[in-house]
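The structure appears below as C-alpha cells.
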C-alpha cells in the first residue's frame, strides 16, 4: 500500500503513532497506537464519528491506555520502530475499503471499519464500548454526506460549518445572547429580504455602535421563539468566523479550500442556514494573493443564485470604500439602513439590558442612572453613537462600583494604617526606660485598644454587608437561570416543567430576592451597591473632562464668588469680569443654550489692559492651570490659504491626515477656553469658519468629522478702537464709549459675525490707582521665584508707589510695568545675589533711598 494515498490527517496520525510507540519503548507500531493518535487528533474525524453513535470517547481512550500499558517494552531500540504485521494488514484492508467506496484517497474513518473486521485487541476494545460494523458504516455515510474522498485535504473540509462558524441560534437557546429591545422595523425589513427568491441577502449598514450585530442576534432569538414567518422557522443563524477561516492557512489555496468547504456544507443544508458575516468588507480582498481569487468573488455565484442565505453587516464608510467599488457584489445585497436610536429608544434598550449588567457587576442599577446615561452621553459624547456609548457608561459605572466593593472601604483602611502606626510606636517605646516614655506607652496602649476595637467592629460590619450583597447575587443568578429554563420548556412544549418553574420556582426566588434587597438597603454604611446618576456623571466627567456631576457646595460657593477670584488677577475691568462670570454660572446651572458655546465674547480695548490675562485667569479658575486653554494667534492667519490650518487640509493636500490646529485641540479637550488673540489681524475668510462655531457650536474638520464646541468658551481679543478709547477716556461714560468703539468694529467685521457674539466688552485704559495693585500681583510671581532660592522678600508701600509710577504709561497699559520691575528690582537684586551681599535665609526688604528702590537685609 502506498502511503501517499492516505489523506493528510491519516498521514499525520501515522507519524504521531510512530512517536507514540517510540515514547512507550514499543518495538512495533500497533493498531492501538494509531487509534490512540487518531482519537487525540485535533480536528480529526474519529472522535466525532464515535460520539455520533453514542460511544463515550473518554472511556474508549482509557481502555486504549490500559492496552498500551500491556504491550511489551524493549529498552534501547534506538528510534528504529517498524509497523507491525497487524497494522500493515489493517492498512491494506483500509485500501480495499476505499477502492470499494470509489475513493481516490484513504481517509482515517475507514481504519475503524477495518479494525472491526480484523481480529485483535483493538477489535475487542471497540466491540466492548459498543461499536458495530453497521453503526460505523451508517455514521461514515452520514458524515461524508454522499461525497467521495477525492483529494488529500478532504478530511479538513468536513464539518466546516462547525469549525468556521458560531451558531447564534444555539447561543440564543442557552440564553447567552443579550436581549434585543426595539429595532422591530429593521428586523422586519431583514426578514422581508430573506424571504425573497433570489438575492435574498440583506446587508445592515450603519454607524459603528448603533446595534447592527444586535439585530442579527434579535433575529436568532425570534427564530427560536417561533416569532418569524413560516419560511424562516427552524432555520439556524451561523456567524462566519473570519479569523478561524484565515488562521493557519499557510499554503496557496488553503484558504479558498476552507471557504469552499463552508459553501459546500451550506449548499447541503438546502437553505436551512442563514450565514451572518460581520464586518462584511473583510470578505473583499480576503485571501487574495497574486492572481488568486478573493473571498468576495467566491461568494458571488452562491449569492446570485439564492443558494446562500447571507446577512452582512458593515459601516457606511467601509461599505462605500469596499463594497460599492465592486458593483457585481453590491447588486447581490439589499441595503438595510440601521439608524442611531433616539434617546427614548436608548433608555428602553438600557432598561432591557439592566438585569444582565446587574448580574455581571453584582450591583443594582437605578432608573435615574439609565436615563442619565442616555441623555448625558447623547449631549456630551458627540463622536460616538447611541446606544453603544450609553451602554459603555453603565458598564464602566458598574465596574467602578464593583471595584470599590471588592477593595477595603476607606474608613477601614484609615483605621488599619493608624493601628499599624501605633504598634510601631509601641515597639519603639517598650525599649525606653524614662518616665515620659512609660507615660506615653500607657496612653498609647489605651488608644491602641480603642482603635483595635473600632477596627474589629467595622470589619465585622463590612463582612456582614459584603455577605448580604453576595446573597442577593446568588438569588439573581438562580432567577436568571430559572427564566432561561422556562423559555426552553416553553419552546419544547413541556407544560409540566413550565408550570413548575413559572408558578413554583420563580415566585419563591422573587420573594427571597425582595427580602434580601430590603435587608440590604437598611444597613449599607460602608458599601455602596447602587449605580445612580451621580456615578454616571462622574464616569462621563472622567472620560471627557466636562464637569457634569452635581455641584458640591464648595463649587457653588466658588462660582458665586467668581468675580472676586478673577479680580485677584485682573485689576479693574468690572464689565468684562461680570460678563464672563455670568456665562459660566449659566452653563453650570444648566440654563445655557445646549446648542451653542458656553459663551462667546469679543474683548476690545488698548494693549496691556488685561484682555489676554483675563482669559488666563478664567482657564486657571475652571481648570487650575493657565495652560488649559487653546490659544491661537490670529496674526498667523493673515493669508487666505492659512485658513485651512484651523480645520485641516482638504483631501489630496499634504497634511490631510494631521487634522486642524483648532479642531484637533477641541476634540482632545472638549471643555476648554479658546482664545483667538488679535482677531482683527486674521484674513476675512477665518470669520466664515467661526460663524458655525458661534451659532451652532459645531465645526466640520478637513476629514469630515464634526467637532463639538458646545462646551467651550470662545474669546476673541482685538485692539480696534483703542485710539478712540485713549482719547475719549474720562470724558464719556462706558455706554457712550462702547457705542463709538462698536461703530469702528462694525466697519471691520461683517454684521452676521458681530450678531453671533454673546457680548462685546470694551476694556478701560488703566489709571495710576490700578498700577499699584498690578505691580503687587506681578511682584508676587518674582517673590515665588526667589523663595525657591531661599530669599524672603517684602516691599514697602513707598517703593511700590515709585515702581507703579515708573511703569505707568497710559498708551501701553500694564506692559511697561514688567520692564520697570526688571530694571528697578530684578537687575539690582541679581547683582547683589551674585556678589554675595544678599544671603539666603535672611529676610530682604525693598525700600526707597534717593528716589531709587534698594534691597536691604
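We number each residue from 1, going along the chain as drawn.
Yeah, the Cβs are placed from backbone N, Cα and C, and that goes for glycine too.
As recorded in Swiss-Prot, the features of this protein are as follows:
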- 206, 207, 208, 209, 210, 211, 212, 213: ATP 1 binding site (BINDING)
- 605, 606, 607, 608, 609, 610, 611, 612: ATP 2 binding site (BINDING)
- 391-523: coiled coil (COILED)
- 3-146: domain 'Clp R' (DOMAIN)
- 6-71: region 'Repeat 1' (REGION)
- 83-146: region 'Repeat 2' (REGION)
- 159-340: region 'NBD1' (REGION)
- 555-765: region 'NBD2' (REGION)
- 766-857: region 'C-terminal' (REGION)
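Taking a C-beta cut-off of under 8 angstroms and a sequence separation of 6 or more, residue 210 (ATP 1 binding site) has the following same-chain neighbours: 338, 339, 340, 341, 385, 386, 387, 388. Ranked by Cα separation from residue 612 (ATP 2 binding site), the binding-site residues 209, 211, 212, 213 are led by 209. Note on the region 'C-terminal' (766-857): DSSP counts are 52 helix, 18 strand, 22 coil. Taking a C-beta cut-off of under 8 Å and a sequence gap of six or more, residue 209 (ATP 1 binding site) has these contacts in its own chain: 384, 385, 386, 387, 388, 389. Close to the recorded ATP 1 site, the chain also has 315, 338, 340, 385, 388: residues not among 206, 207, 208, 209, 210, 211, 212, 213 whose Cβ is within 8 Å of the site's Cβ mean position. One way to see the shell of the ATP 2 site is to take the Cβ centroid of 605, 606, 607, 608, 609, 610, 611, 612; the remaining same-chain residues with a Cβ within 8 Å of it are 603, 613, 717, 719, 763, 813, 814. Assigned with DSSP, the residues of the domain 'Clp R' (3-146) fall into helix, strand and coil as follows: 95 helix, 6 strand, 43 coil. Residue 609 (ATP 2 binding site): 26 other CB atoms within 10 A of its CB, across all protein chains.
Secondary structure at residue 611 (ATP 2 binding site), as computed by DSSP, is helix.
Counting every protein chain shown, the Cβ of residue 608 (ATP 2 binding site) has 21 other Cβ atoms within 10 Å.
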